[in-house]
Amino acid sequence: MNDVTEPVSATLAERAKRTLGKRNLVFIGLMGAGKSAIGRLTAQALGVPFVDSDHEIERVSRMTVSDLFATYGEEEFRALEARVLKRLLRSGPRVVSTGGGAYINERSRRHIKKGGLTIWLNAELDVLWERVNKRDTRPLLKTENPKQTLENLMRARYPIYAEADLTVLSRDVKKEAMVEEVLAAVADHQKA
């Protein structure tokens, strides 16, 4: 089912696709930023495959991300995540959404930078909180004060996310408006 209710500019999508060439477009950012939702719609607009790295990790491990964290700990999860990302980013073009901590892990960050153009969906705390506080599937938020934990993650991670090739502000607007902004950022990016 296509979530885009208004058509995305075909011209803009073509320009973005030309800019990408054979590279992947890799979405990074905190949980709740919209990496999967906007990534999936961006892939549709570009006519390329979409892969959610967390779903791929769950597929190969036959465990949920929460169960992996609980059973093996964050360090082992990050090692598996790095291996999965390396494999996913070997060929393109495709759109890949990553888990919130993927870009923080130095090994994963190297694979991501080598394998694609990075786009950070930067969101403010209140936007993220509104999106994530209704679910209990976020292992890092299983704390006494999850909103404070989210704010701490922002302080720790945002300087690293800022290394991304592109940044788009994630906020409460129609998804197709976000996709247009992503495509415009990609289309206007100068190839390195």
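We number each residue from 1, going along the chain as drawn.
Placed from the backbone N, Cα and C atoms, the Cβ positions cover glycine too.
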Query raised in the report: For the substrate site that Swiss-Prot assigns to Asp54, Arg78, Arg157, which of Gly21, Gly100, Gly115 is also named?
Result: Gly100
Report task. Would you identify the secondary structure of Ala37 (ATP binding site) according to DSSP, in three states? Result -> helix
Report summary line: CA-CA within 10 A of Gly100 (substrate binding site), subset of binding-site residues Gly32, Lys35, Ser36, Ala37 in residue order, equals Gly32, Lys35
Query raised in the report: When the Cα-Cα distance from Ala37 (ATP binding site) is computed for each of the binding-site residues Asp54, Arg78, Arg157, which gives the smallest value?
Result: Asp54
